[in-house]
Each structure stands twice: as structure tokens, then as C-alpha cells.
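Right, one structure below, let's go through it.
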Amino acid sequence: MNCMNKNHGCAHICRETPKGGIACECRPGFELTKNQRDCKLTCNYGNGGCQHTCDDTDQGPKCGCHVKFVLHSDGKTCIETCAVNNGGCDSKCHDAATGVHCSCPMGFMLQPDRKTCKDIDECRLNNGGCDHICRNTVGSFECSCKKGYKLLINERTCQDIDECSFDRTCDHICVNTPGSFQCLCHKGYTLYGLTHCGDVDECSINRGGCKFGCINTPGSYECTCPAGCKLHWNKKDCIELVICLAGAVSPRATLTCNKNGKKDSCSLTCASKARFLPESDNSYTVSCGTPILRQGPPQRPSNVSHPCVETVAAPIKQKASFKIKDAKCHLHPRMKGKQDEVGRNAALGGAAPCSDCQVTFVNLKCDSSKKGKGRRARNSPNKEVTRITLEFEAEIKPEEITASCNLNCVRQKVEKKLKSAIKALKKSINQERFLIRFSGMEYEVARKLSMTPERQESCGPGQERLGPKCVSCLQGTYYHGQMEQCVPCPPGTYQEKEGQLSCDLCPGSDAYGPAGATNISACAGQCPPGQYSVDGFKPCQPCPRGTYQPEAGRALCFHCGGGLNTKHDGAFSFQDCDTKVQCSPGHYYNTSVHRCIRCAVGTYQPDFRQNYCITCPGNTTTDFDGSTSVSQCKNRQCGGELGEYTGYIESPNYPGNYPANVECTWNINPPPKRKILIVVPEIFLPSEDECGDVLVMRKNSSPSSITTYETCQTYERPIAFTARSRKLWINFKTSEANSARGFQIPYVTYDEDYEQLVEDIVRDGRLYASENHQEILKDKKLIKAFFDVLAHPQNYFKYTEKHKEMLPRSFIKLLRSKVSSFLRPYK
């Protein structure tokens, strides 16, 4: 056989031998098999096809891999594993049959090279689901809120902070608004330092508008008048005391007493000018009519409008006081049966000590008290004692004076009649047979204490029943007897007080006004600013030249002073006066020297061309003279509350700007075995004045003592730290150059056994890394919860659920890990 025969059987190369036979050979890298015909691959050829190592075997090359690599299913290729350089992965690596598989943690995305992880900017899609602010972080993101809002526990939603729910937010009234709040002050007070209320010195503002004198009072002021004058209804002008001439007087009240056997029955009917004044639960006063005013010899009456009571002689006055035992001092509506009985007795007549006494004024005061004087009162402390005091004024009618009975004779008769009437009236009250009639109703003065409870206690005068309670009629209303309810004062009337039985008539010829008026100023027809009249109501006259009037309802106009004139009649204010120079804010015009004077320290003036400066509210003052705004009025008192376990210090006038040239010192002295933790939420000190304003905390006042904290700059990032000494001396000193908001710094004292834990918490950077964690240290409610954990770590687990509703999960996780490892180190 030769090699030309196709069936020679050699796998690679066929060679003819000299003997005429054939011999098979293999290509390089191969060798003959045992049958001398087939060829098998060896490692000498292309490493046997192996990627890493090759071993020759009877079956041929066997591939192997280096350490930390595995052989592919093709038997030749070596696959890298996660053990080698993490499989080339940026993050997570997983070994699989086809090789390593890289993956990325949450917040990252695998790139096309299948190895690299890139941070996902979650804020680019729908703002990361955040309500307000989204801040991308490496591998995550963080939601935060605008100032005035807080992040809820879902760490997405922002909720308005109700600053009004905090303690000490505002001195008087706090109004929460979205993202902020507003402080308001009661009438007569003004706002300073953003949240504080100080009494307004109205007397410094054009002398309160008073004609004569002005007295400032907390939240208000009073005008005064010289001797011989009294205040006008507008409470600012002064008018002469009214002197009355002789003449007839219409009766204001009628006192009727009748006797039927041994029973006395009296009634007092008040036709007008009825007043009911509840002074307390155990006392009240009822007055009827107007007392007669006489002073000196009869004179010609003043042209001032005044309800004048005219009489021929001085009124006859009688006063009596007596007690009723076991009676309650309460004005009760009279029961119907008793009304009929008293009416019958009055009709039956009998001895009549005063069947028709015309009385100009009656004042009845009833006072119940369990406190008495003397041995009897001490022996029966639970006895109810009622004291009734009666005052009567009766006039002498001209027609009663005759030739046979002169003035003195008539006076004696009236006095005798009144004395008899008072005697009968005393008996009638004891017998519960005395009526007071006013506002269409009948009332009994004092009711005997009943042994059996009544079904429902009746309401007193000027009250209506609303459900189970008796409620006094409000200002601008009165109690209508027939309707048995409170009704608004009709147009042309007003009522300033609560629980009244009638309304007062508005003065003036055109005084109608709205229904339900609460004061005389609501009456229509008042003279407008720039005009005046005798009674403050129309017809009015314009203020003449050289005078002005800024208010309505006035009886005079103010002079410009200094010989100054106004450009026209009916001027409204001093600004209408033709001054020689025009004063700017921070100044006032002095009419004596005709020049502008700077407002003194403690006063300010925001307007042009004024003749006064306004006194700063409350205990505030200004840093310098010439101030132009109430915002420049500052309280110089050092603020704060220092307690043994918790407290705070704050700069003067906080949260308004602190004053210049002030120095404050605080001392924190914790109880034994307790140390101090300070949290500075934020601090505002001007940096431009080269550390003129400095806050320092150290062991004592000595400059060489151990210093815990010192700063002269603004830091809005909070910080917490423990005091380096057991006690703290804190000093804040300001210069005269600049000012800023200052600080409010809380502190807590903690058990020294927990010092390691507290130090571990406050020194952990994660406490401040997140904006939400920083807000915890600024939030007054949350810092209180944080302090509770630091002061009492052993109670942390009791409050865990409560704090979960208040604190972010990341913050709770931080605290839990530290508290748990400290309190349970072997678990």
C-alpha cells in the first residue's frame, strides 16, 4: 500500500517507507496514538487549547486554571471569580457558571460595562418624592423642609410647625401661619423684639389726646381734669360740673309699701335708669335713677349737654343697713303665685307708710358671706348671712310747700315717711314680700335657703339661660323682660357693660348709629376729625386756624402752639401746622425754639413733622437718641430660666436684636453627681465688628479657668457638647457697634454615671451630618424629647414608641444603638 491510496488511514501525514509500506506522522503539537494512525493533540501545540495550564493525558490535553479562577464549561477557558479583584465589580460580585455578575446597591445603577456603578440622582425624578427640598447624596437622597416646616416620620412630607404650641412663643396672642407665625398684643400694648408685648405709654403720644392731664396705666391710660371739672363722655375733654336750678323733677322710681294685718308688702318700681351690677357670686348692686348733684349756690347752667336734675332744695337722703339670716344673696325672678299675693295685699291697702313715695335715686346693695365677726360667727361657720344696704334720695316737690307747712315742715314729713317705709321694707324683705320691678320683670331681693332643692335655679337679672348655664347679656345687648332673653340695643342707644337691663341713649341731635352698639363712640352723628362741638356730636364747627383735632367726637381743638398757624380751617393734625422747618423721623418739632430736636434715648418717632416722640413700650429703651421705629426699642434684661435639671439662657430682647453695651452673666450649678450638657441650636453674632460681641462659657469668671465654649461669630449649624467643668459661668458682652438676633441656648443636667454614653452621642458626627438631625436640635419640642433621653437613658425604651412619632428613623437608630450598647453591653 502506498500513500497514494486514499485509504492509507493516516490522520495527518502519510509517508512511504523504503520497504514499500507506509508510516503515519502527526503535525507539530500532535502525536500518534497507539494505533499508529490517529493523531492526538498535546500541550505543546497552542498550550493544548487551554487558556491557563495544560496537562497531557492519555485522553489528550487537560486544561487547568490559576488559583481563584474556574474552568469554563468548554473545558479550555478560565473564568475569573469574585475572589479576584471583586470580579472587577464596583460593588457587589456574584459567581455564576458564565462568570462573575456585578450588581449595585440601592441608589446606584450598573453601567454598560457591567462593572461600574453610578449614583442615581433620585431628585431628578419627581423631586425624589419630597414635598419641599431634595438633596442628592452618594447612593441615596435626603428630603428637607423650608424654614417653618418639619419633616414627618415618612421622611418625605413636610408639615407646618405650629410655633404657637410651644411655650413662650408670644407674650400675648400667637397666630400660626403657614411656615411662620405672628405675635399680636392686647389692646394698649405694642409689639417689640418680634414676640414681646410692652405697655404703650399713650400719654407720650400727643398727651393721649387729653385736654388737661394724662396718667398712663398698664394696657390703658386715663385723662384727668382740674378741680371743678369732670371728664366728658369721650373720656378726654373736660367739662364743668353741672349746677342745677330749681324746678320740677320727674320721678325716677316709686316705692310703695302696704300693710295687711301683720304682713308688710313693699315694691320698688324703676321706670328708668335701672342698673344691675353683679360684683361677685355672693353680692350685687341695684341702682335706680340718678343722684341729684348740687354744688355751691345755684348758677346759670353750663352749655354742656347733661341730664340735669333740678330741685328746689337739697334731696332728702336716708340710709339703712340690716342683716337677714339663712338667706342667699341672689336676685331671683319672682314666682307667679307670690307676685299675685303681693299684688293683692298692695291692692287691699291697710296702713300705708309710703303708698306713693317719689324717689329720685335708690341704691340697694346685697352681700352674702359665710365669714362673720364675733363669737356667733365662729360658732356657726356654715350659716349664710346676707347684709342689705339701702340708700334713698327723695326730692321735695314745690307744690307741697304751703303757708301752713314750710320747707322744713315738708322735709320732716318726707323723712318720717321714708323712715317708716324703710322699716316696713325691712319686714317685707324678711318675709320675702319685697319686689323690685324693672325691665318688665319682678324680682325678689334675697331668697331664704330652701330645704328641698328646686328643679332649676332661676337666672339673675341681665342673664338668660343657655342650656344648663345662666349667661350674662353681652355688651351691646340688654335683658328684655317680656321676651325673657338678651336682645341688641336698638339704634340710637348703646351699652358698655354686661348683664344690663336697659341701654343708654346716644347724645346729639343726629345720634342714631347701628343696633347693638357697645359704647358711645358707636353712636352716629359724632363730629369728624378736624371738627368739634360742645358735646362732640352734630352740629359741629371746623377747627379754627391755628388749631387741629385728629379724633372724632371731641369738644375742642388743640393749638399748634408757638404762634403757628394752619393753612386752612378744619386741620386734622399737627402736620397741618405751618412750621418753620420740617422735622424728619427720629425728631420732633419744639414750638418754643422752632427747631427740630432729636428724640431722646428711650423714645422714637416714625413720622415726619410731628411735635412729640413716643416712649418705648414696657421696660424697653433705645441704644441711641434719634430712633425712628419701635423695633429699635429693646429690653436690656438678660433672659432665661435656670433650673437644676433643665433650663435655657437667652440674649436680651431675644428673638429681636440684642441691645448695645450690655453684659449678662449666668451661673449653672447642677445638683451633686450631675453634669451639664449644652446645645447651641444656632447663634447670631455680627462678625464684622471684630469680635466686639462675645459669648463665653467657662468654669468661673477667671480668664484662666477651664473654657468650655467661646464664640463671637454666627453659626446656624447646631452643636451639642458637655461642659468641661462641673459648674458653668456664662458671660455675654456686647459692644456699641453692631447688633444681631443673638441666641437661645437650652441645657440639661445628666447623671455622671452616663457621661460615657452622653459623650459618645454628642461627639458622633452622624448627629449633625443630616439636615434633619440638625433640625431636631433646633426644634423646641424635639430637643425636649432628646434631652429626656440624655437625662434619663434608662427610660429610653419606655418612650421608644412615643419618640418614633416625633424623631426620624435614622435618629432613633443612632440613639438605640448607643443606648442599647451602653445599658446592655453583653446582649
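Don't overthink the numbers, they just go from 1 along the chain as shown.
The backbone N, Cα and C atoms fix where each Cβ goes, glycine too.
For CYS164, the partner cysteine in a disulfide bond according to TrEMBL, taken from CYS158, CYS174, CYS183, is CYS174. The helix, strand and coil residue counts that DSSP assigns across the domain 'EGF-like' (160-198) are 3 helix, 18 strand, 18 coil. For the domain 'EGF-like' (160-198), the list of distant contacts is 146-150, 218-221, 616-620, 630-631, 633-635, 653-656, 779-781: same-chain residues at least six beyond its ends, Cβ to Cβ under 8 Å. Within the same chain, residues at least 6 positions away in sequence whose Cβ sits under 8 Å from that of CYS174 (disulfide bond) are GLU163, CYS164, PHE181, GLN182, CYS183, LEU184. Cβ neighbour count for CYS164 (disulfide bond): 15 (other Cβ atoms within 10 Å of its Cβ, all protein chains included). Taken together, the residues of the domain 'EGF-like' (119-159) have an average pLDDT of 92. Look at the domain 'CUB' (638-750): DSSP puts its residues at 0 helix, 54 strand, 59 coil. Residue counts of the domain 'EGF-like' (119-159) by helix, strand and coil are 7 helix, 16 strand, 18 coil (DSSP-based).
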